[in-house]
Amino acid sequence: MSGWSHRHILDLASFSLEDYSSVLELAHRFRSMPVTGARKLPALQGRLVATLFFEPSTRTRSSFELAARRLSADVQSFTPASSSLSKGETVLDTARTYVAMGADVLVVRHSSTSVPEQLACALDRSGERTAVLNGGDGLHSHPSQGLLDLYTLAHYFDSQNPLPEALQGKRIVIVGDVLHSRVARSNLWALTACGADVVLCGPPSLVPQDFVAFVEAPPPGQSHDPVQHRGCVEVVRTLEEALPGADAVMTLRLQKERMHQHLLTDLNRFHRDYGLTHERLKLCGKPVPLLHPGPVNRGVELGGSLLDDHSISLVEEQVRNGIPIRMALLYLMAAVESSSDPSLAAIG
């Protein structure tokens, strides 16, 4: 883990294969912790993690707070409804309040793109040592979700060694509202960086053709590692094109709250054309796992019986894996700050 250099975690565009390996390897160690007895590690004892969620969340917020507590960190939660935002306080001033209270990490979720990055830059300019972890910003990025999905798939393909190599050459199909999904963007970066080929499936209004260019272009000021084999991205319009040969399928929620009026999709028609069922998954030609980042619209993205079929659905596994992945991220950020690895002696 000595190669880890990300003080802030804002997206996955700049992650190297070594970075993905560091997160997945550490998360797997945390996942292997016994579920009974002493469930806390002293790694972040004396540290303060503040969760600043300016947008509603159930899974992500709870997962980060559980992750921080399992590493013995103190946790402070921010709730917009009872905050000074209603009195005109800015997001930056709110963040600075928690920094002044001694927060070591701010986990920030916001409906507007780039807010976590703007906060990180502002804190850096003022010489603060507080790190910022993006808990989801607008349509841009949701790095911890992308990483937990990556780990869930790697563990499915190789439970003994769930590292990026387990994704090499796999065909992963993502169905649904890609346009409005920060999860899709993070998954595209993670999966292709680890050598998986990704097929995006949906109507043109929800799956633009230019998403191929989105992944193939390197981040500003960077270049792709010429040695690293990156997966390809393909856009198709029907499940009949997408599913044959798939190794895993992920479906995305229709995010009506982010859609302009002319993009609103008839739900019955969407389910007819793109809703996943047991019968449709037979097009894959073999048993494949099903993922969904949640929350799920039953009867829209997929049939309720499919969601409840634990021989296929990895949705609850994704939720479980969110905790060790977020423990790994918080641990690695703390290691950068202290220039040494906090103790992991309790898990060997």
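Using N, Cα and C of the backbone, Cβ positions are placed for all residues, glycine too.
Within Arg29, Arg96, Arg109, the residue that Swiss-Prot lists together with Arg59, Thr60, His142, Gln145, Gly294, Pro295 for binding carbamoyl phosphate is Arg109.
Here the CA atom of Arg182 (L-aspartate binding site) lies 13 Å from the CA atom of Thr60 (carbamoyl phosphate binding site).
Among the residues Arg59, Thr60, Arg109, His142, Gln145, Gly294, Pro295 said to bind carbamoyl phosphate, no two Cα atoms are farther apart than 16 Å. Within 10 Å of its Cβ, the residue among the binding-site residues Arg59, Arg109, His142, Arg182, Arg253 with the fewest other Cβ atoms is Arg59. Of all the Cβ atoms in the protein chains shown, 27 others lie within 10 Å of the Cβ of Gln145 (carbamoyl phosphate binding site).
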